[in-house]
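Single-structure report; data block below.
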Amino acid sequence: MSVQDYLDKHMLSRKLEDAVNAAVRAKTSDPVLFISNHMRKAVQSVITKIKARQILDSRGIPTVEVDLHTNKGVFRASVPSGNSTSMYEAVELRDGDKGVYLGNGVAKAVKNINDKISEALIGMDPTLQSQIDQAMIDLDKTEKKGELGANAILAVSIAACKAGAAEKEVPLYKHIADLSGKTSPTLPVPAFTVISGGKHAGSNLAIHEIMILPIGASKFEEALRMGTETYHHLKAVITEKYGAHNCNVGEDGGFAPNISSFREALDLVKEAISRAGYDEKIKIALDVAATDFCIGKRYDLDFQSPQKSGQNFKSAEDMIDLYKELCSEYPIVSIEDPFDKEDWEHIKHISSLGICQVVGDDLLMSNAKRIERAITESACNALLLKVNQVGTITEVIEVVKLAKEAHWGVVTSHRCGETIDSFIADLSVGLASGVIKAGAPCRGERLEKYNQLLRIEEELGDQAVYAGEDWRQ
């Protein structure tokens, strides 16, 4: 075949002429680079290769990482993992071989990506997120993604989302906003973990964590500074009261002093906020995770202290009285999982009191059916969104729409087993979730999310909107 025949066959003469004309109009100083980029843009991107591997998360436990290739580049994603799983969430596929990573390996999930998912998706347009996700759901054929593994499917879904943004030449958060129908991306209020307890730490505190929300900041950059300054003041307060050895941190980066009293922990946080000078600008949130210490119909507030366990049981009614007292004594604006995940009666009761936002985590598991029931029964008024409990970005968008249509708050959340993937930062902005819960302003895998939000705010410039006082809208 002659050169001319080759040019004619692929219609290159016209394409080259168009590129040269564009370079002339642009008066570019580097025509070769301009024409090269122009030609690349003229080629529609498709998925050309998907390669998965096993990596370790922030706890040293295996998780899945994916490199998704298109003719525009390589897009990497890795998935988080939690300490506990539920029958209501998508299935995280583990190998179960106790001789390898204590049974926590993800070689099966990796193999499913490399052998099955890859074959099904090669040639697809990465901008068609819903079609990509549906192709994987159809391939899996189970309700909770138990065949391929939600960890396998989600890793590919996130990588495809990143590739789709690149193909459209827009920021990731903008692409997510487009997918969800949002027109105004919003920077979320960060819910910084400052005290860790429960299963996240080795202290005697029953509840999972105490968080601070800088809702009085004017922009995200200021919120990050306020939260970080308060975090360091808290370290000083704990050191003065209990010694430096009580400043160890939990899995999420929160301090884990060896205390058991809710009020004692809240007093520490309140003192730190005051020392930082943010009494009127920072509010407090609790993640109780009450399912972890619910025995029958009672709550063992000393479950973290084996020598005292059973001596401080509370009924659900006692817990309601406690929450009412705490909300009147401290600037608490949100309580997550105040009761056992199946105690719908008392969750509805506390929500009806209107003393603060009531967030469903274990109650909902980001499960559409559970969310619909909670909306119908007015069981809570906010969703804790964990992408790995859902399994695909398309379904994540749908559950957020459910919550938003019910006028709920939405909290985009990390997991205790995190990676350096900052995807949930862009997700929280694109979906305008209002709040992001990504741990303490400490530890690299947590800070990567907050630092990405700084970059997004900088990129948006004068168009940047911080949720602030409107964190629930």
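Glycine too: its Cβ is placed from the backbone N, Cα and C atoms.
Residues or ranges marked as domain 'Enolase N-terminal' in TrEMBL: 47-176.
Feature annotation from TrEMBL assigns domain 'Enolase C-terminal TIM barrel' to 184-473.
The active site, proton donor annotation in TrEMBL covers Asp252.
Cβ neighbours within 10 Å of Glu336 (Mg(2+) binding site), excluding its own Cβ and spanning all shown chains: 28. Feature annotation from TrEMBL assigns Mg(2+) binding site to Asp287, Glu336, Asp361.
Annotation source TrEMBL lists active site, proton acceptor at Lys386. The Cβ neighbour count for Lys386 (active site, proton acceptor), using a 10 Å radius over every protein chain in view, is 23.
On the backbone, the CA of Asp252 (active site, proton donor) and the CA of Asp287 (Mg(2+) binding site) stand 12 Å apart. Checking each of the binding-site residues (Asp287, Glu336, Asp361) against Lys386 (active site, proton acceptor), the C-alpha distance stays within 10 Å for Asp361. Here Asp287 (Mg(2+) binding site) comes close to Ile207, His208, Glu209, Ile210, Met211, Glu336, Asp337, Val359, Asp361: these same-chain residues lie at least six apart in sequence, with C-beta atoms under 8 angstroms from its C-beta.
Using the Cβ center of Asp287, Glu336, Asp361 for Mg(2+), the list of other same-chain residues with Cβ within 8 Å runs, in sequence order, His208, Leu286, Val288, Ala289, Ile335, Asp337, Val359, Asp362, Leu384. Of the listed recorded positions, namely Asp252, Asp361, the sparsest CB environment within 10 A is found at Asp361.
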